[in-house]
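Below: the structure, in structure tokens.
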Amino acid sequence: MATAGKVIKCRAAVTWEAGKPLSIEEVEVAPPQAMEVRIKILYTALCHTDVYFWEAKGQTPVFPRILGHEAGGIVESVGEGVTDVAPGDHVLPVFTGECKECAHCKSEESNMCDLLRINVDRGVMIGDGKSRFTISGQPIFHFVGTSTFSEYTVIHVGCLAKINPEAPLDKVCILSCGISTGLGATLNVAKPAKGSTVAIFGLGAVGLAAMEGARLAGASRIIGVDINPAKYEQAKKFGCTEFVNPKDHDKPVQEVLIELTNGGVDRSVECTGNVNAMISAFECVHDGWGVAVLVGVPHKDDQFKTHPMNFLSEKTLKGTFFGNYKPRTDLPNVVEMYMKKELELEKFITHSVPFSEINTAFDLMLKGESLRCIMRMED
């Protein structure tokens, strides 16, 4: 492309300080260096993780910063050494990567790349420790290696999934984070058998994606657990057959679920990050074969406490990161699940706004009114 090797000026939504409205600015985006790719973003979605780091209540604030990590785009140019993608390819940026060289990448069991796994504090490129974004010479920091709230962004090639160019980017862009995390937690880690009983704790976007996984696996009973009763109606679209609100009972919810299911559920997936919900999700699975999978991120001081007999009675507890998907290897196959009409993505997309109205997307999520809001880069 004519822009290859040159600085590109474009619009980006910049977070200058915690909790303040994002500002649409003209930024300069430098060309990609070795093993980097410059992407033209066409659609980006808002994930709760973006809101969390925008609020910056519990972590080191890194500002000014360009947030955003769920997106779909087209390769504009590539840096030295990049052979996996070429200009014109359709890609999904991912907040974690796959170098294909480390022990994790070579293991069939892991997706936690030594080189490129998520780093929320790093605001620069891994190659030279510098930002590719500037405004009037001032560096603007990156976010989890993606920074998709910009018309152009620079990403390490290991954090890009090359996908079917026929796939609609305004739909499959949501597979770059939360939806794949929940879906994979069920399909790749919990692995419920057809006809089994599955409990999903927390019915936000990730929990509903885990529920979608249970539906695809053929579970016969899918029990949604949430303290907001309004979530049940929406959850039915994702296969939810029953709903339990812990607040409606005067005993621990794990006891309620054990009674409901004649001894416990076959599989549970916990998507809240609340440590008590994690304990409940583990203790509610059936002895002998039950498996609980933890997805939600806990507070740093949380302690998981349960009696060791729960393990000796052959209940299994697992954790997962990004649904155990390797970004480059596996995400293209998840896109194909959508293309084959197995995986339904439209029901996750509740809102769509032009990029210039990005603060509206934040407002919708803060009010709990949206699952996924898609932002169109071209107003």
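Note: Cβ is positioned from N, Cα and C throughout, glycine not excepted.
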Cys47, Thr49, Cys177 bind Zn(2+) 1 per Swiss-Prot; candidate in His69, His156 listed for that same site: His69
Rounded to the nearest Å - Cα separation of Cys102 (Zn(2+) 2 binding site) and Val297 (NAD(+) binding site): 25
8 Å Cβ shell about Cys99, Cys102, Cys105, Cys113 centroid, Zn(2+) 2 site members excluded: Gly97, Glu98, Lys100, Glu101, Ala103, His104, Lys106, Asp114, Leu115, Leu116, Gly158
Cβ-based isolation winner (fewest other Cβ atoms within 10 Å) among the binding-site residues Cys47, Cys113, Ala205, Val295, Val297: Val297
